[in-house]
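So the structure is just underneath, and the comments pick up after that.
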């Protein structure tokens, strides 16, 4: 997606440790107009899938997910990283290891929000090792819902998450695919 | 706002301890269409204020804030409850005590995202004791930006936050104002 690649090139910053800092438009400051275009693009790429629910994980997945839900006119669920005091009903959970933070978070989605009749699209801001995505896939399976696919804003194609998803026969659409962040420069993967 | 009051009445649930559970459309599952209407309503209520930035706190404030930003065409910043590894630049911070969780979180906004030229609208999902709002006000003041006002989705008018804000001469707009949650029933405040 050209607009997104332009934003990454012009506003992103490469930090040591293969970190791409995009907090001026994606995960701290948000560009809502770009998020809306991202939502439209996801809807186009999963146009034939009759999506009934969009799920993501708090916090940075919420903006692209909610725009996708707005375009589709379907509910969006964000998995909680902590079980809130009001989440006293039955919940699906999965453990998600964060390599960046070097710790495991359990994520939760209340059971009543996903049913076997749902066609679920998973959305997230980043795909690197794929741990958060795997956690959400586990929850969709536990709910016996149909997984339509995974929509990612920025994929780090040099890390194992993307291959894991496609090797499992899951439809993956990443709007920007990064081949490398070597020499402080963003190189996009060619199609 | 009638649509919001209807959603609270039809989908909200009153729990012991004056807790209103609205996680089927606001803070776990999100109704994106309602959020967009909420965004339009905030823009209408602060129509003359030339807003340049919307700020909120992760996670539940993000959906209403990003829709407000979409309607206005301005950036949205969500304050982080933890300092991310990529937030190595100078940041404003404020301590926010959560009565629900009985603990203090420090919230962070990177300094470069708010300037003295900004007209800032603060958005949040709930206003009860007002601690999160006070934290954001402190950050807006530290940045020497102009505070346009505070937009709240659901105000618990029987708790002290709303009075504190208006007593400080700050323009407060709450789209649903709850007078009481007694006897497991939601009673809205009359205008």
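Every residue gets a Cβ built from N, Cα and C, even glycine.
Per TrEMBL, xanthine binding site is recorded for A:20, A:27, A:156. Counting every protein chain shown, 19 other Cβ atoms lie within 10 Å of the Cβ of residue A:20 (xanthine binding site).
If you look up TrEMBL, you'll see A:128, A:129, A:130, A:131, A:132 marked as 5-phospho-alpha-D-ribose 1-diphosphate binding site. There are 18 other Cβ atoms within 10 Å of the Cβ belonging to residue A:131 (5-phospho-alpha-D-ribose 1-diphosphate binding site). In the three-state DSSP classification, residue A:131 (5-phospho-alpha-D-ribose 1-diphosphate binding site) falls within a helix.
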Do me a favour and check the Cα-Cα span between residue A:132 (5-phospho-alpha-D-ribose 1-diphosphate binding site) and residue A:156 (xanthine binding site); whole Å is fine. 14
For residue A:130 (5-phospho-alpha-D-ribose 1-diphosphate binding site) and residue A:27 (xanthine binding site), the CA-to-CA distance in whole Å is 17
